[in-house]
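Enquirer: I'd like to ask some things about the structure below.
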Ligand code: ADP
Ligand code: MG
């Protein structure tokens, strides 16, 4: 599964900033741009709420809200077909430590299936393609975002999933989760990556079987890299430091001399990842 398909600048430009407007209005990006995330500042005084994300606000202010509403996370098979960039925000539950110091007070609340509001001053509303609240399971999130992405790959398109967030916000939990040494299969908390690869290889198998006559051959290669302090490190060959990004007319942007290993099943991938 290839690397990032959108330049960071293109991604950033999709985060529009909106001036205050009516509090019932849902902010949407222009139709020319795929659905995205956007922000709207406004004041409101009602106390309706649902589950909320916890993060350190600049003012350290946390407004208490009741938990009385939840919104269904939709599974939409055309997830990647109609819009080539999708942004989901996932809200994680408070940790025991956070509850011990601040109780159940949260700094954001969910207003709809697409919007959350930060309860600061001024209140700010953010709109995303989907909001996954703290009750959304790993399996559900995989069905919403991972599964259509694999189908997208099988349809011949590049797919990229990118987790962004401050330390402790839940990136590793979402992308990896409990992998139990690579033999995770039945763990409810196993994350997106093992599920995506399990599904990818099972789809490849099915495709081979249903199109036996065509003698299809699939080749999967994996590579892992880390970008740190503007340097590219090959995680499959840690002696390989400071790799260079190149651009080629045929293969596009690539990392020169990055090790690529052929993999034939999800366990191969997970073992490389664990290594
Ligand atoms: P990050 O990788 O962004 O720094 P982590 O994934 O390590 O954050 O999450 C921080 C902590 O919160 C971990 O203990 C993780 O298990 C827990 N956590 C994160 N998201 C969830 C969630 N959706 N449900 C339950 N626990 C979560
Ligand atoms: Mg992490």
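Including glycine, each Cβ sits where the backbone N, Cα and C put it.
Remember, TrEMBL labels are computer predictions, not curated facts.
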Enquirer: When TrEMBL marks a stretch as region 'Disordered', which of 18-56, 57-95 is it?
Expert: 18-56
Enquirer: Listed binding-site residues are 165, 166, 170, 171, 172; which sit with C-beta under 6 angstroms of ligand 2?
Expert: 171, 172
Enquirer: Among 166, 167, 169, 172, all listed as binding-site residues, which has the most CB atoms within 10 Å of its CB?
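Expert: Answer by Cβ density within 10 Å: 169.
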